[in-house]
Amino acid sequence: MNRITQKLQEDKKILSIYFSAGYPNLNDTVQIIQDLEKNGVDLIEIGLPFSDPLADGPTIQASSTQALHNGMTTQILFDQLQNIRESVKIPLIIMGYFNPMLQYGVEAFCKKCAEIGIDGLIIPDLPVDVYADEYKAIFEKYGLINVFLITPQTSDERIRFIDSVSNGFIYMVSSASVTGSQSGFGNVQETYFERISNLNLKNPQIVGFGISNKETFNQATKYAKGAIIGSAFIKHLSESGSGKIQEFVGEIR
């Protein structure tokens, strides 16, 4: 069974953390992953930096740009993660844009992910229809879960289609804006969370965008299986370096 599926079956709210691979320094990636697991994080999203990130807010864009400047590439990330399963047991997801995956070769990329123990992918600019028609069989061949994003603007019909081709969780974007642009949730988000809850989807949902502290984590997980923190963690890395992860996670849990 895929590690993501196993984790989702646990009777707890999932804390997922996103960071850009190769940030703050090129070789910080593995240490950050190990420290996040050690401090009780349930799931890690490793951002593969890309030069034209559509959905990312300024904080994640800046970290991605710095990581590219540091020399991060798809191959270097794979090399860094080659032995990650010797020390890390929790689910790992690579989040990135489709272009670098296409350049590497979709099947070669999926094969490499499976070899090193990556459990899933999040590719915001890969349309679900294209995935279902052209790539689903490849992902499944290598045991990878593909996670799709939904927003308040996504129709119920589209959400049900996404649910039907998904086999892990659905990434529930809390607003239609870019990451890191909110603090807290208002009535609009609460109505949206309730709407999704009432659809009774087969896949659990994890909320992302706008989660930055204990309050927003607890608010989001009232309606969902878990929540993802990205921009706030990257800000913490930029201000405190990779040595104070315990402090950050301790304030959420």
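Placed from the backbone N, Cα and C atoms, the Cβ positions cover glycine too.
Note that the structure is predicted; figures quoted are calculated from it, not measured.
If you check Swiss-Prot, you get these features:
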- GLU45: active site, proton acceptor (ACT_SITE)
- ASP56: active site, proton acceptor (ACT_SITE)
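Less than 8 angstroms from the CB of GLU45 (active site, proton acceptor) sit SER16, ILE17, TYR18, PHE19, ILE93, ILE94, MET95, ILE122, ILE228, GLY230, each of them six or more residues away in the same chain. Under the DSSP three-state reduction, GLU45 (active site, proton acceptor) is assigned to strand.
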